[in-house]
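Database features (TrEMBL):
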| type | residues | note |
| --- | --- | --- |
| TRANSMEM | 48-69 | transmembrane segment |
| TRANSMEM | 81-98 | transmembrane segment |
| TRANSMEM | 118-134 | transmembrane segment |
Amino acid sequence: MLGMIPWESLLGGMLLGVSATLLLLFNGKIAGISGILTGLLSSEKGDYVWRWLFVIGMIAGGALGVNLFDIPLPDMSNTSLIGYIAAGALVGVGTRLGNGCTSGHGICGIGRLSKRSIVATCVFMFVAVLTVYVRQHII
């Protein structure tokens, strides 16, 4: 597990907030990653370019951040490929059931004072804490 990296975390949070704000101000779009990815699979003509640019920017930004700040990547060798596929499928199902993901609800929804997003984010955080506890102390 990675140690606490407060300055990088603060910078990352600020960049997420600024990018979500700019996307909303200039494009009128919500920076909900699950919605952006879903739109890539089912978008109408002309609506996919900004989605691809956003996804490419996220990947490039993550790679740049890891190299710029020399942050080690977590060791993911203790989980099988099947485990990653199952986890990804569960995340996909969860985002559909919850009508959004952590970025859509947690960054954009709370910023718009959406009650549904506030509740969803509280549920996400509770389940995340519970999952970490179970993984570290029970399994």
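Count begins at 1; order follows the chain as displayed.
Positions of Cβ are set from backbone N, Cα and C atoms, glycine also.
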Close approaches to the transmembrane segment (48-69) from elsewhere in its chain (Cβ under 8 angstroms; 6 or more beyond its ends): 5, 8, 12, 15, 23, 27, 29, 31, 33, 36-37, 39-40
Surrounding residues of the transmembrane segment (118-134) on its own chain - C-beta under 8 Å, 6+ positions past either end: 98-100, 102, 105-106, 109-110
